Amino acid sequence: MAAKEIHFDAEGRNALKRGVDKLADAVKVTLGPAGRNVIIDKKFGAPTVTKDGVTVAKEVELEDPVENMGAQMVREVASKTSDVAGDGTTTATVLAQAIYREGLKNVTAGANPMDLKRGIDKAVTGVIIELKKISRPIADKKEIAQVGCISANNDSEIGDLIAEAMEKVGKDGVITVEEAKGTETELKVVEGMQFDRGYLSPYFVTNADSMEAVLDEPYILIYDKKISNMKELLPILEKTAQSGRPLLIIAEEIEGEALATLVVNKLRGTLKVCAVKAPGFGDRRKAMLEDIAILTGGTVISEEKGYKLENATIGYLGQAGSVTIDKDNSTIVEGKGTEDDIKARINEIKNQVEKATSDYDKEKLQERLAKLSGGVAVLNIGATTEVEMKEKKARVEDALHATRAAVQEGIVAGGGVALIRAVTGLENVQVENEDQKTGLEIIRRALEEPLRQIVANTGTVDGSVVVMKVKEGKDDFGFNARTETFENMIAAGVIDPTMVTRTALENAASVAGLLLTTEAVISEKPEDEKMPPMPPGGGMGGMGGMGGMY
């Protein structure tokens, strides 16, 4: 086991502070509309250019092990804020640095770190209560576009596209971000329920040009087992053939005699039919088949429920306005299920999302939710170079997270104004001693820091003067760093999601509090690099006869 170094008291805390400052100073240059880019070297490929705080934070690795611990603690603030709210990572980093800096001064002067932390925690609770009071729900498409625009570093094109996508697929709809083939950024909406299973045979195609099978007003047979024997499928085929309407068969697998018979009848024109595999695997497959059944007003024919395929009637079949199937995907549009059943299923899935513990499960449940509630929007991001593409895609993903957060918890004035207004929440906080009161004052001072940094990044205005003027103002009055004017921030479209501001403050205070109450830091002792041993013998290998040279 490697030897360890132990650093106590001020020595350890100061080393941690150096690490915190190095990381925070690299991250905070990206804050606000006047924030700068950071270029990150990569071992392979072109360097990454970014203005995203968490991307910068994740790349910082310091040589000194104790400094590196401080940097990694603050990196955790940025990562956690990004995971929960999707944005606000730079604000969280700036707040963490400010709280730790102010707190460390007081600990060095003899304050009790535990009481300081208690005071900080009480202050944060008071500020968050006030933030929720001043928060207001997002009103319209324009405000969604403004949130997206601010989060994408004032790129109004991205803000408008996200607002349009949300309008088309609803607030619960799935919006995915993909790389475009060309230079144009565009929005594509897939309406209805789409799942990633195509036709089982190209002979089912109805349009040879597009290689698609299009069924108008079809019946939909949903079966959770394999179909290989034609005998069990025949009764329901005869019933649908008599109706004259097409039939889509969704089953775990259709093979052998059953598939061959379907293809032959399709080619002869006896049946308008198409067969696809059921989407998903295991329990998720059962759930998705149930979703399709509810959307189309059908029943999953399952022996577990006592239904048999040979006894199926037209009443078991789902119906839809149209179904389009290509070699990879099937899309069901205008399912004929009842609105009440679909709403009940959506609420059931929402409850499962809240209870889900893994990100993967949550993502899959959200996808099912979107498919039931109206569709999937795809943002295809175009750029001229790969470096620009990666940077733009990261900004779009940030903006998308931020707009979702705004829809969930509402919005507050941006540009650091909401935190300054939320200071009034400290007036009702009860403290037990002077050190806790100092913790309160640390938060009061730290809440000004994001605005100071936004102003500092403009490089033209004095931060203290701006902070004083904003504090004298009321409500949404603040400093718009983009135009360098004082105005109503919400009217100017400078808005932040409440969730982003709240999460940034909570995470910053949590990690800064842990750092302040640290009394010892244990790190691995760096090992001295040993010289490789000399090979035995006096001669140089491969140069025979020279061993005796002097």
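Here the Cβ of each residue, glycine as well, is placed from N, Cα and C on the backbone.
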Of the candidates LYS17, LYS43, LYS51, LYS105, the one that Swiss-Prot places in the ATP site of THR30, LEU31, GLY32, PRO33, ASP87, GLY88, THR89, THR90, THR91, GLY415, ASP496: LYS51
Swiss-Prot feature region 'Disordered', matched against 351-375, 426-450, 526-550, maps to 526-550
Taking every pair from THR30, LEU31, GLY32, PRO33, LYS51, ASP87, GLY88, THR89, THR90, THR91, GLY415, ASP496, which the record gives as binding ATP, the longest CA to CA distance in angstrom is 17
Excluding its own, the Cβ atoms lying within 10 Å of the Cβ of THR30 (ATP binding site) add up to 22
Cβ proximity for GLY32 (ATP binding site), under 8 A, sequence spacing 6+, ordered by residue number, returns GLY415, GLN453, ILE454, ASN457, THR458, ALA481
